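Swiss-Prot has this to say about the protein:
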- 100: active site, phosphoserine intermediate (ACT_SITE)
- 100, 240, 242, 244: Mg(2+) binding site (BINDING)
- 100: phosphoserine (MOD_RES)
């Protein structure tokens with residue numbers, strides 16, 4: 001991670017940290033780095049439903065146009081929609097304005113290369129070096145060499161038609177409850193599932209610029225669980241603000257997280273001969289029960305650091321086609337180049353249709369270890385990881401576990417938080433381990 005780029009692009013409080021002035025520079029320098037070898041390059045831009053999206057989009061567009069790039073605005077669309085369309089429309093770069101599952105005051109900017117993949121560390125470092133230069137020495141085209149802007153608001157439908165082709169039959173006879181987090185999927189997901197002839201119930205589909213992720217979406221699936229039970233739905237599907245995550249709810253109202261969705265997909269893909277190298281790529285945050293379930297089905301697992309970009313890097317390196325995170329980023333590399341909530345949802349419902357099994361039965365084949373994750377707001381993430389008292393309490397707890405569980409303490413990639421996670425045979429033991437570590441972290445480096 002650099003000075004500006006975190007694990008998922010540039011993030012910050014809109015108009016305070018992520019200002020229009022910075023967005024202009026990111027557009028100008030990012031556009032230059034990604035398109036400098038092309039004459040009249042094309043760059044596409046999408047955004048989620050945050051009120052700050054228009055402000056940042058205007059600044060980004062200006063920065064891109066100043067390099068001579070032709071800019072195509074997609075309007076409100078999901079992050080994977082931008083990734084797909086970047087490649088499908090032959091653009092040199094794609095840009096998404098979103099802070100994903102973060103609250104409304106935050107926003108972010110992430111780039112995709114012409115292949116639809118997120119940027120490499122080297123590309124981000126090149127952009128950062130330009131951002132830090134005191135003098136902007138980039139070429140400044142004038143007159144007819146300046147870029148122009150156009151709108152392509154039909155892009156969302158083009159993307160939906162593409163992912164719809166990945167399922168084998170329609171969803172008639174199924175009742176599906178959707179929670180779109182008042183975000184980018186609000187006008188996409190209901191259309192997609194209705195088009196596949198499912199009966200649908202919806203929530204979180206009334207974005208007003210202020211309510212994205214507010215008590216709804218993939219970070220609050222318990223709200224969708226109530227809707228599933230109330231409507232008697234067969235499955236609930238919760239997306240986050242930019243549509244790159246999926247958390248599901250079974251017909252009984254139980255939450256089905258990213259680990260369980262990955263396991264269900266892995267087992268089905270293995271049975272149907274689709275799982276490349278018989279391997280799933282996940283992060284160190286995945287539940288122990290996930291690894292045990294894979295092992296029981298003779299499926300190999302490959303672990304990476306936390307962040308879907310690291311999962312993707314490992315998938316590309318090893319030639320794998322399934323990976324993801326417990327948080328609901330599921331990457332199906334046969335179809336798309338980033339985590340995709342709606343695509344994952346299609347595959348999950350398709351597996352229910354093809355196996356004729358309810359989601360509770362499919363998810364029940366994986367037994368989760370009790371887990372607790374606590375986020376501690378800190379003054380300095382780096383100091384926390386170097387603190388001797390924090391290191392000591394982690395060592396003591398790991399010794400007590402004696403291999404029967406695990407502890408993970410790591411910094412957030414996007415916020416001033418330390419995440420403390422434990423898994424153990426019982427919830428009581430698990431909670432005890434976490435709270436002991438949290439108390440020390442708070443005492444040593446906790447923010448007010």
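Quick reminder: no glycine exception, Cβ is built from N, Cα and C everywhere.
Shown on the structure are the features that Swiss-Prot records.
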| residue | record | CB count, 10 Å |
| --- | --- | --- |
| 100 | active site, phosphoserine intermediate | 31 |
| 240 | Mg(2+) binding site | 33 |
| 242 | Mg(2+) binding site | 35 |
| 244 | Mg(2+) binding site | 33 |
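For residue 240 (Mg(2+) binding site) paired with the residue listed as 'active site, phosphoserine intermediate', the C-alpha to C-alpha distance reads 6 Å. Those same-chain residues not listed among 100, 240, 242, 244 yet with C-beta within 8 angstroms of the centroid of the Mg(2+) site C-beta atoms are 48, 78, 79, 98, 101, 183, 184, 239, 241, 243, 245, 339, 341. The two recorded residues, residue 244 (Mg(2+) binding site) and residue 100 (active site, phosphoserine intermediate), have Cα atoms 8 Å apart. DSSP assigns residue 100 (active site, phosphoserine intermediate) to coil in the three-state reduction, placing it in neither a helix nor a strand. Taking the Cα atom of each, residue 242 (Mg(2+) binding site) and the residue listed as 'active site, phosphoserine intermediate' are about 5 angstrom apart. For the recorded site, residue 242 (Mg(2+) binding site), the DSSP three-state label reads coil.
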